[in-house]
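Record features, source TrEMBL:
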type	residues	note
TRANSMEM	61-80	transmembrane segment
TRANSMEM	86-115	transmembrane segment
TRANSMEM	136-160	transmembrane segment
TRANSMEM	166-192	transmembrane segment
TRANSMEM	204-224	transmembrane segment
TRANSMEM	264-285	transmembrane segment
TRANSMEM	347-368	transmembrane segment
TRANSMEM	380-400	transmembrane segment
TRANSMEM	424-446	transmembrane segment
TRANSMEM	452-474	transmembrane segment
TRANSMEM	495-512	transmembrane segment
TRANSMEM	518-535	transmembrane segment
Amino acid sequence: MREFPTLKFIDKFKWLFIKIGVDYTTMRLILQAKLLMDRRRVPTVFSNNAANKKQTDSNQFIKSLWIYALLGLILIPFILMDESYIFSMSIVFAILMFFLMTSMISDFSQVLLDLRDKSIISTKPVDKRTINAVKIVHISIYMFFLCGTITGIPLLVSIFAQGFGFFFVFITSIILINLLIVVVTALLYILILKMFDGEKLKDIINYVQIILSATIIIGYQLVIRSFELIHLDLSFDPQLWHVLLPPVWYGAVFEIIFMSNQHIYFIIFSLIAILMPFISIFIYIKSIPSFERNLEKLMSAGSERKQRLPYIVHTIGSLICRNKEEKTFYDFTRIMLKNERQFKLKIYPLIGFSFLFPFIMIFSQMRMTSLEEIANSQQYFSIYFSGLMIPTVVLMLRYSEHYKGAWIFRALPIKSIASLNKGALKAFLVHLYLPVFLLLSAAFLYVFSTRILLDLLIFFLSVLIYIVICFKALNTNRLLFSETFEVSQQQGTGMVLLLFVLAFFFFIVHFIVSFIPFGIYVYGGILLILNIIFWKKLL
């Protein structure tokens, strides 16, 4: 079997694994087999045309790391800053943890929860502690590769710009962060596995992954907004609630060591930064037996109670669909959107961020202006940010976990493929986007009063046109739900970026006509006519 340099490095820590009760020889053998099988795996983080090219005997994850090396360059300006380490390094670790956590959720959670090899390994004399050690080390290998790629160039820069002392603290913090992320994620799944079982457990795991993704995005914003720019000088007033922000823990370590800032909160944050990974590892080791025992719950299908369709949902579908065929595909898409776990994992965090980002834009202005001034301003145009989710969601309608069943579309006596397209887009509009729009509208009407009612209507008409354009640009001549998620990230990215520009165009036009007498009414009439044409002729 192929020998990996990574395993030779892990061999140096053989004594540590033996000390904690792991059968190192067995662990190494299983790891070797898993690393060999990983050479066939296409990661979610970056697919490299695996669907179109002949697979070669090489690790696709390692090949995909170059894109993270480019992203890591954005850390360099913060590494070069030496006026406020609590600011610069908190931002560095916030960005780093964002990349690591999203990769952990999308790519490596399935390794922790993997049951495919259980039928093989469970028949052999391998104890549960060794099996879990394999999982943690397996994930950690790739996390360190990922982290090393992101921070490799910044680490080299830090040696020349800040010195070897800074470099040593930086790389130590990176190692602790990797351990913390892997183990805390595992502990979270242990807790979930204890509380739920069957299909409910699978749904809860999916929802937790979605919440984690959204929390990462929101937490990243909180870290940035914990700092204030006063007379061009960065100011940070440590508060007790900052203990909830792990990037600040590690930023505090640099503030104490290199700025000699002995604030009590910085000392607390630093102690947490150092101790928390090891405390988490200790708790995880103690929880291993129950983790393996509860993991078997994923193998049980459980019972799923059939939910009755709310009357209002049924009524809306009947009203907006022109014929029975369109209504059939409307209901079909609604069910797919509800049941596809991969789809929800990729899309729901984006929907949550689309809902929150307009508020983030408004709250950022509250540092400089009062709520009354904001209420009389045109900040309500920030609602256009909620439309940025549309291209990605429309693109994702192309993919499905059960894509092999798409043959049914060609077997059915469908009168017009337009019925499928219209039904699917209307289901997305009603069940995914409309709730976001209505909640934002209610909040904005409360803040900005009813004077923006017509502007909200104009925005919604723009969204309806935007949905059709996105569909034509991204899904022309393609059946919905007919491709695997594994190729989702290699297709349509450039077009999605262009469609973001189109959303900005809608915003600019709306903003300009708002200053023209009766311009908003004329523009609304034009949008209404275009909607009728687009939905009738282009789908």
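Using the three backbone atoms N, Cα and C, a Cβ is placed for every residue, glycine included.
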Let me spell it out: take the transmembrane segment (166-192), skip the flanking residues so only those 6+ beyond its ends count, and list any with a Cβ under 8 Å from a Cβ in it.
93, 96-97, 100-101, 104-105, 108-109, 112-113, 135-136, 139-140, 143-144, 147, 151, 155, 158-159, 201, 204-205, 208, 212, 246, 250, 253-254, 257-258, 273-274, 276-277, 280-281, 283-284, 287, 290-291, 294
Outside the transmembrane segment (136-160), six or more residues from its ends: residues with CB under 8 Å to it
6, 10, 27, 31, 34-35, 45, 61-62, 65-66, 68-69, 71-73, 75-76, 79-80, 92, 96, 99-100, 103-104, 107-108, 111-112, 166-167, 170-171, 174, 177-179, 181-183, 186, 284
Can you tell me which parts of the same chain pack against the transmembrane segment (380-400), counting only residues 6+ beyond its ends and a CB-CB cutoff under 8 A?
333, 336, 340, 342-343, 346-347, 350-351, 353-355, 357-358, 361-362, 406, 424-425, 428, 432-433, 436-437, 440-441, 444, 447-448, 452, 455-456, 459, 462-463, 466-467, 470-471, 473-475, 478, 480-485, 487-488, 491-492, 495-496, 499-500, 503-504, 506-507, 510-511
Distant-in-sequence neighbours of the transmembrane segment (495-512), which means Cβ under 8 A and at least six residues beyond its ends:
378, 381, 384, 387-388, 390-392, 395, 455, 458-459, 462, 465-466, 469-470, 473-474, 519, 523
Sequence-remote contacts (6 or more beyond its ends) of the transmembrane segment (518-535), Cβ cut-off under 8 Å?
422, 454-455, 457-458, 461-462, 464-465, 468-469, 509-510, 512
